[in-house]
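Q: Sharing a structure, written as structure tokens. Questions coming.
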Amino acid sequence: MMKNILAIQSHVVYGHAGNSAAEFPMRRLGANVWPLNTVQFSNHTQYGKWTGCVMPPSHLTEIVQGIAAIDKLHTCDAVLSGYLGSAEQGEHILGIVRQVKAANPQAKYFCDPVMGHPEKGCIVAPGVAEFHVRHGLPASDIIAPNLVELEILCEHPVKNVEEAVLAARELIAQGPQIVLVKHLARAGYSRDRFEMLLVTADEAWHISRPLVDFGMRQPVGVGDVTSGLLLVKLLQGATLQEALEHVTAAVYEIMVTTKAMQEYELQVVAAQDRIANPEHYFSATKL
């Protein structure tokens, strides 16, 4: 059965971020994506200027009520949330999650707790980080912080891989069954590799791939693609190891393709066949 995912995150008209980054790769892996946009911007914010608007929180709820009215909400297998335009949007999203789970008790909630990177030009609204700590984390089945977000969620520094696994398990004690640490950065084993962790109460998997050097301007949307693809693989029945290995390879293929084409925006369409069938392989290690 094809899986249906309600993806609630940002949308850009030009380029790739949020749903505009994740939607096509997720579909390419065989999932139906129902994109519900928290913001509609001309382009992502790292250009330094953009136009567009943040959707009123009630807009999100109204759209989902429309899906419920045609009796299709029970076919939703998961809710994915990413970049929020406001903390109030987050509260509406949790209402949507409750509504979806009432219609389909098997449905999962995947929270990508985007909290902003001022140094990268990623700006989030006031109250969003607090929302994730207090409400998003305990409500989620799967949560996917990067290192900075992991430290905010567990409320202490994380200096190495062992501490990252322990921190992930602190989060698991508060609600989610699975934690993806999307980018270990300075807490990883190696400074010249891109490393991730996938952790449950009784398993921890580590994976690394080469960093792709884009100089000063790193492409945006890599985390959005990573979260979306991991959710698809897990819904399709992949093991933790299989899901982590496929996602790591698929994202690497997108990065390599983007660099080869000398582009700043992720080249998800050009890389589509290698998203489904990666040419590279990276082996995950059980810790």
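Residue 1 is the first one shown; counting continues down the chain.
Just so it is clear, glycine is given a Cβ too, placed from its N, Cα and C backbone atoms.
For reference, Swiss-Prot lists these features for the protein:
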- Ser10, Thr45, Gln46, Asp224: substrate binding site (BINDING)
- Asp112, Ala144, Glu149, Lys182, Arg209, Pro210, Leu211, Val212: ATP binding site (BINDING)
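Are these features on the surface or tucked inside, and what touches them?
A: Gln46 (substrate binding site) carries a helical DSSP state (H, G or I).
Mapped onto three states, the DSSP output places Ala144 (ATP binding site) in coil.
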Q: Of all the binding-site residues given, Leu211, Val212, which has the fewest Cβ neighbours within 10 Å once its own Cβ is left out?
A: Leu211
Q: Which of these binding-site residues is closest to Glu149 (ATP binding site) if you go by CA atoms: Ser10, Gln46, Asp224?
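A: Among Ser10, Gln46, Asp224, Asp224.
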Q: Could you check what DSSP calls Lys182 (ATP binding site) once collapsed to helix, strand or coil?
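A: Going by the DSSP assignment, Lys182 (ATP binding site) belongs to neither helix nor strand, so it counts as coil.
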